[in-house]
Amino acid sequence: MNPCQIFASLVMSICCHILSSTAWSVNNFLMTGPKAYLAYTSSVQAGAQSGIEECKHQFAWDRWNCPESALQLSTHKGLRSATRETAFVHAISAAGVMYTLTKNCSMGDFENCGCDDSKIGKMGGRGWVWGGCSDNVNFGDRIAKLFVDALENGHDSRAAVNLHNNEAGRLAVKATLKRTCKCHGLSGSCSIQTCWMQLADFRDIGSYLKIKHDQARKLEMDKIRMRAGNSADNRGAIADTFSAVARTELIFMEDSPDYCVKNLSMGLHGTEGRECLQSGKNLSQWERRSCRRLCHECGLKVEERRIETVSSCNCKFHWCCTVKCETCTQTVTRYFCAKRHRNRRPHNHSRKRQHTRRG
C-alpha cells in the first residue's frame, strides 16, 4: 500500500479501516460520501498526496516524523488517539484537499466552478480595485468539508475535536492567502492597481499549521458530565469546553507517547537509527539541533558514518542527439542515532522540549 493510499484513507475518516490486502479506492469512500461530487475525486486524492508529503517535510527532524505505520494504525477504531500529532494530521489533510480543489477550480477543471468574481470592479482600498482571477476558496472550503467531515459521524468529544481540527486546516488555507496586484496607468505610473487573492504555496500552509501544532491546546473535558455518553449532558460538556477555543487553534485531548522509544503496537519505531543533521548550508536552528533532539535527549549517541554515493557527473551533449555522462563516486559524512555502550536514561527535560517551536 503506497503512502498516498494510506494517507488518502486517513483524510476521509480517521475511524475507517485500511485493508492490508487491498488498495484504498476513492469509490469505496464514495459509497458513503456525497455521490454528487464524483467529479472531484481526483482532486481529493491529489490533495491527500500533498498532505502526506507536507506532513513528512514538516516533521522530518522531529521525533515523530509522520510515519506511514502510525498513520495506518490510527485509522483503526481501537487505536485512535487524539494527540497533538493527530490534530496536525487532520488539519493538513483538510487543508490539502481544500487547496487542491480550489486550485483546480480556478484552473477551470470543473464545469461548475471558476474564479471568484464576486468582488470584481469593487474598490478594495486606496488606489486599487478588485479584478483578475481570485482563487475560489469558498468553493474549496465547501467541497472539502463535505468530503473530509462526512464520515466523522460520532457525537462524542473525539469526533468534535477531529471536526474542529479539520476546520482549522481549512481556515489555514484562507489565512495564508496572498494579494497579488497588477499596475495600470500611463508610462507605468501605476496610478491604479487591479488586485486578486491567490493561494499561497502549500509549503507556507504547512509551516503555518506546524506552528499551530507547536502551540496546540489540550482540552480538559468534564468527565462527570461525559459519563452520560451521547446525552444532552455530553453535548453540553463538549459545547462548554469548545466555547473558549478559537476556530484557528489546533486542539488535542491526550498527551503524546514517548516517541524516543520503540512501540510497535502503536506503529512507533523510536529514534534509534534515525538520521540527524550537524552541519550544512542553510540549515534552520531546528535542523541544526536535530542530533540533540533525536539522539542525545533520547539517551542515544550520534554515530558518524562515511558513505559512498554514486551519481552521474560531467554530462555533455553530443550532436545529435545524446547526452553522455561520467560516473562519479563521492564520500559523504552522515550522522545517525545509535545505542550507547551503556544504557542511559533520556534526559528528564526531553519531553518538555519535544514541542518547542522552531528557531
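Residue positions begin at 1 at the first shown residue.
Keep in mind that glycine also has a Cβ here, set from the backbone N, Cα and C atoms.
The signal peptide feature in Swiss-Prot is assigned to 1-25; the stated evidence is sequence analysis.
DSSP assigns Cys66 (disulfide bond) to coil in the three-state reduction, outside any helix or strand. Residues annotated as disulfide bond in Swiss-Prot, with similarity to another entry given as evidence: Cys55-Cys66 (among others).
The local packing around Asn104 (N-linked glycosylation site), expressed as other Cβ atoms within 10 Å of its Cβ over all shown chains, amounts to 21. The annotation N-linked glycosylation site is assigned in Swiss-Prot to Asn104 (among others) on the grounds of sequence analysis.
In the shown protein chains, 20 other C-beta atoms lie within 10 A of the C-beta of Cys113 (disulfide bond). Residues or ranges marked as disulfide bond in Swiss-Prot (evidence: similarity to another entry): Cys105-Cys113 (among others).
Taking a C-beta cut-off of under 8 Å and a sequence gap of six or more, Cys133 (disulfide bond) has these contacts in its own chain: Ser106, Cys115, Trp196. In the three-state DSSP assignment, the secondary structure recorded for Cys133 (disulfide bond) is coil. Here Swiss-Prot flags Cys115-Cys133 (among others) as disulfide bond, drawing on similarity to another entry.
In this structure, Cys181 (disulfide bond) is part of a beta strand by DSSP. In sequence order, Trp128, Gln193, Thr194, Cys195, Trp196 constitute the residues six or more apart from Cys181 (disulfide bond) in its chain with CB-CB distances below 8 Å. What Swiss-Prot lists as disulfide bond is Cys181-Cys195 (among others).
Annotation for Cys190 (disulfide bond): spatial neighbours Cys183, His184, criterion Cβ-Cβ under 8 Å with sequence separation of six or more. Per Swiss-Prot, the feature disulfide bond maps to Cys183-Cys190 (among others).
Secondary structure at Ser187 (O-palmitoleoyl serine), taken from DSSP and collapsed to helix, strand or coil, is helix. Annotated O-palmitoleoyl serine per Swiss-Prot: Ser187, in sequence order.
Here Swiss-Prot flags Cys260-Cys298 (among others) as disulfide bond. When Cβ atoms from all protein chains are considered, those within 10 Å of Cys298 (disulfide bond) total 22, not counting its own.
Neighbour count (other Cβ atoms within 10 Å of the Cβ, all protein chains): 13 for Asn263 (N-linked glycosylation site). What Swiss-Prot lists as N-linked glycosylation site is Asn263 (among others), and the listing cites sequence analysis.
If you look up Swiss-Prot, you'll see Cys276-Cys291 (among others) marked as disulfide bond. For Cys291 (disulfide bond), the number of other Cβ atoms no farther than 10 Å from its own Cβ, over all displayed protein chains, is 22.
The N-linked glycosylation site annotation in Swiss-Prot covers Asn282 (among others). For Asn282 (N-linked glycosylation site), the Cβ neighbour count at a 10 Å cut-off comes to 5, with all displayed protein chains included. DSSP assigns Asn282 (N-linked glycosylation site) to coil in the three-state reduction, outside any helix or strand.
There are 24 other Cβ atoms within 10 Å of the Cβ belonging to Cys337 (disulfide bond). Residues or ranges marked as disulfide bond in Swiss-Prot: Cys295-Cys337 (among others).
A sphere of 10 angstroms centred on the C-beta of Cys328 (disulfide bond) encloses 11 other C-beta atoms. As annotated by Swiss-Prot, disulfide bond applies to Cys313-Cys328 (among others).
The disulfide bond annotation in Swiss-Prot covers Cys315-Cys325 (among others). The DSSP secondary structure for Cys315 (disulfide bond) is strand. Neighbour list (Cys315 (disulfide bond), Cβ cut-off 8 Å, at least 6 residues apart, same chain): Val323, Lys324, Cys325, Glu326.
Feature annotation from Swiss-Prot assigns disulfide bond to Cys320-Cys321 (among others); the stated evidence is similarity to another entry. Around Cys320 (disulfide bond), there are no C-beta neighbours below 8 angstroms that are at least 6 residues distant in the chain.
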>> Are there recorded positions among Asn104, Ser187, Cys276, Cys298, Cys321 that sit within 10 Å of Cys113 (disulfide bond), Cα to Cα? If so, list them; otherwise say none.
In response: Asn104
>> Please report the three-state DSSP label of Cys321 (disulfide bond).
In response: coil
>> If I take the Cα of Asn263 (N-linked glycosylation site) as reference, which of the recorded positions Ser187, Cys276, Cys337 has the closest Cα?
In response: Cys337
> Which of these recorded positions is closest to Cys337 (disulfide bond) if you go by CA atoms: Cys66, Cys105, Asn282?
Replying inline: Cys66
>> Going by Cα-Cα distance, which of the recorded positions (Cys55, Asn104, Ser187) sits nearest to Cys313 (disulfide bond)?
In response: Cys55
